[in-house]
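Okay, structure first, notes after.
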Amino acid sequence: MPETNLPKDFESQMLELLGQAEFEQFKEAINKPSRTSIRLNSAKTFSTSWPKSPIPWTRNGFFLDERPSFTLDPAIHAGAYYVQEASSMFIEHILNSVEIPKGIYLDLAAAPGGKSTLLSSYLGDEGMLVANEVIQSRAQILKENIIKWGLGNSIVTNNDPEHFDPLEGFFDLVLVDAPCSGEGMFRKDPQAREEWSIDNVQLCSARQKRIMDQAGALVKADGYLVYSTCTFNEQENEDMIRFMTEEFSYEPVRISLDADWNIKETEVEAEGKTYYGYRFFPHLVEGEGFFITVLKRSEEAYIQEPKRIKDFKHPFLKEVFNRESSDLDEELGFDGIGKYYTLNDSYFRISKDWNLHFQKISHHLSLKYFGVEIGKKQKNDWIPNHEWALSILPKKDFPSHELTEAESIEFLRKNDLELPDLPLGWVLITYRNLPLGWIKNLGNRVNNYYPKEWRIRM
Ligand code: SAM
């Protein structure tokens, strides 16, 4: 048996959970390299040439035969795919197999955004996602990933779960991918082994209870609560189901599984009912350690519908009225009905269907981003924003210019480009037809408008 340098208390815990024979398989698996996987953005047309195989519980997820240099692939900067480990993508199967109704969703612990981009894809133009992250620097990364994904159906916030108090009974689905002791990451991240201790497991469990005590109240009647961790111990997993059923009235949800997937269903008896959790072990599944459970809020619970606000007032956002909003949609050639706001004279667009929800959220939470930032209007011209380039919205009548892979890397490094035969003015830069950003051709020089803070430094 290979040396594992696993904490002794962790070994005892896993031995108890798995039994001797399976524990030996687990130890072997945890020392093997993990497989790289990506999830394609179905709203952006793209296919990879890398050898790959499908992840069985997903429609858009693939294992790659080898790990490429993602940073040097322009397509990742265009939001064509997200690098995500395979077990986490099981959420896609939950959403599709349970046919969870679309609506207003919350991802309460969202950075860097793997599960948020998945939820955003599921919702498409039939819902709105609030992607929240409490740590400010991580909220910035989350915002960047939401912008690259480009669906325009998300609001990024930077709040502590406690700040959500006024949004009780507001959400159709709340996901809590909780901060945890990270036992499932021992393979990918050997440092996680060093940081592990029984005390830390207890600390994590107490913190998860505080978060879930908030999250449980935010789901409306008949809505869904999804809880996940990347750890194996029962305190942070099954015990959380027990805790939630004691605190709130939630019904069990059982997920259909294909036996070949080797995902372990675990049962929790609570309040006279059987609840279910799903466990991913690295010796059984080609993915990292993961736990997930789904609960359905009882039909008697509270539902909070957002009310119409007559005079919307906000410290920094200005409302663009409906007439002007529909004129903008027509001028810009956008489908659907948008609602616009300005912030420092820059126009943002969200779907009008979710405007009342947005207004309520903007009053109570710290907004980092929402919908799509289009840009500024100067007389009859638009100064387009980078966020618009990356969104799936049409790009008016701006000309576009396709770059080679090498040129795209230069563009993403924010270097100067020499591009002959370019039309004057704003030009949308594309790589394999995926928009990457804007340049402006002034005639005697070409300005590269790739955001400085996003540039590739490799
Ligand atoms: N869902 C993310 C994804 O798929 O990319 C990963 C989320 S990670 C497991 C947990 C997140 O919870 C971290 O971003 C962390 O900053 C955040 N977090 C830490 N403490 C928290 C707290 N007390 N309440 C809410 N979130 C917290």
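Positions of Cβ are set from backbone N, Cα and C atoms, glycine also.
Record check: TrEMBL places A109, A110, A111, P112, G113, G114, K115, D160, D177 at the S-adenosyl-L-methionine site, and the matching candidate among E85, E133, E194, E195 is E133. Listed recorded positions: A109, C230. The one with the lowest count of other Cβ atoms within 10 Å of its Cβ is A109.
For the binding-site residues A111, G113, K115, D160, counting C-beta atoms within 10 A of each C-beta gives the highest total at G113.
Within the set A109, A110, A111, P112, G113, G114, K115, E133, D160, D177 that the record links to S-adenosyl-L-methionine, no two Cα atoms are more than 20 Å apart, and one pair reaches that distance. C230 (active site, nucleophile) sits 14 Å from A111 (S-adenosyl-L-methionine binding site), taking the C-alpha atoms as the reference points.
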